[in-house]
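Please read the structure below before turning to the comments.
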Amino acid sequence: MQIVHTVEALRQTLAGRGRPAFVPTMGNLHDGHLSLVRHARGHGDVTVASIFVNRLQFLPHEDFDSYPRTLEADCAKLQAQGCDVLFAPREPDLYPQPQTFKLQPDPALADILEGHFRPGFFTGVCTVVMKLFACVFGASGGGVGVFGKKDYQQLLVIRHMVQQFALPVQIVGVDTERAGDGLALSSRNAYLSAEQRAQARALYAQLEWLATQVRQTQQPLAQLEAQAMERLTALGWQPDYLTVRQRDDLLPPAAGAAPSSPLVALGAARLGSTRLIDNLEF
Ligand code: PAF
């Protein structure tokens with residue numbers, strides 16, 4: 001695996017190597033990321049991953065400084081999965097000047113749920129992903145971007161960005177990898193104490209409960225969502241949201257009407273100081 005740090009070196013490395021299949025990450029790789037790399041290998045001529053902890057998508061009080069940076073171990077994992085090229089820019093390589101041009105995603109999609117609780121998050125994500133796409137696909141004129149469904153709203157926002165800017169990038173969404181007890185794999189799971197880890201599957205369990213109730217009862221959705229929040233709170237969590245939305249636009253399904261698309265239950269909640277997100281399509 002070739003490891004490059006600068007945009008110029010990346011472009012030189014990728015020149016003449018066909019269409020990249022690209023997995024952007026912030027590092028501290030776990031089996032979820034590695035599953036994205038395995039998917040990418042079937043989708044392009046050259047498999048590219050990036051590791052960059054993107055300051056633009058963190059709020060001032062969030063964990064940018066403490067976000068685990070484990071480059072050496074990450075390289076070994078990527079190499080073992082057959083990744084061809086790792087782009088690991090340092091901050092001045094990707095942001096040589098402060099990034100004053102930023103992408104403004106559609107508020108209808110990006111200011112709800114995660115965007116409501118983390119204002120500016122999707123501006124930061126879209127800005128860096130657009131820039132990474134320019135670096136990775138510049139030489140080939142296009143390729144494939146591979147993203148996990150655990151960040152469900154992020155995947156949707158990126159799909160819309162690609163569509164609206166007519167980017168020559170096909171976006172592939174990959175199912176969430178889970179631990180044996182159902183907990184979605186996430187770099188932030190590393191922040192959990194042993195006791196918290198034992199309780200952590202409760203978030204997914206509440207999404208399962210919510211999906212089952214929506215399928216099997218006639219209760220109004222708002223009531224079911226409030227009950228799911230109460231159930232999680234009673235277990236010592238601080239939920240931001242537990243909600244059921246239409247999969248294609250993340251709008252609430254209209255009461256009593258058939259939803260315009262299949263549904264997804266989405267949740268975000270804090271266990272101690274660790275904020276976890278998860279979702280369940282149904
Ligand atoms: O999902 C992530 O790890 C990040 O949001 C991404 C897509 C790498 C952009 O920094």
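Each residue, glycine too, has its Cβ placed from N, Cα and C.
The following features are taken from TrEMBL:
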ACT_SITE  His33  active site, proton donor
BINDING   26-33, 148-151, 185-188  ATP binding site
BINDING   Gln57, Gln154  (R)-pantoate binding site
BINDING   Gln57  beta-alanine binding site
Please list the recorded positions from Asn28, His30, Gly32, His33, Gly148, Lys150 whose Cβ falls under 6 Å of any atom in ligand 1.
none
In angstrom units, rounded to an integer, how far apart are the Cα atoms of Gly148 (ATP binding site) and Gln154 ((R)-pantoate binding site)?
9
For Gly148 (ATP binding site), name the DSSP secondary structure in the helix/strand/coil scheme.
strand
Comparing the binding-site residues His30, Lys150, which residue's C-beta has the most other C-beta atoms within 10 angstroms in this structure?
Lys150
Rank aside, I only need the closest one: which of the recorded positions His33, Gln57, Gln154 has its C-alpha nearest to that of Leu185 (ATP binding site)?
His33
Give me the Cα-Cα distance between Asn28 (ATP binding site) and Gln154 ((R)-pantoate binding site), rounded to a whole Å.
19
Do you know offhand how many angstrom separate Gln57 ((R)-pantoate binding site) and Met26 (ATP binding site) by C-alpha?
11
Neighbourhood of Met26 (ATP binding site) by C-beta distance under 8 A, where only residues 6 or more apart in the same chain count:
Ile51, Phe52, Val53, Asn54, Tyr67, Ser187
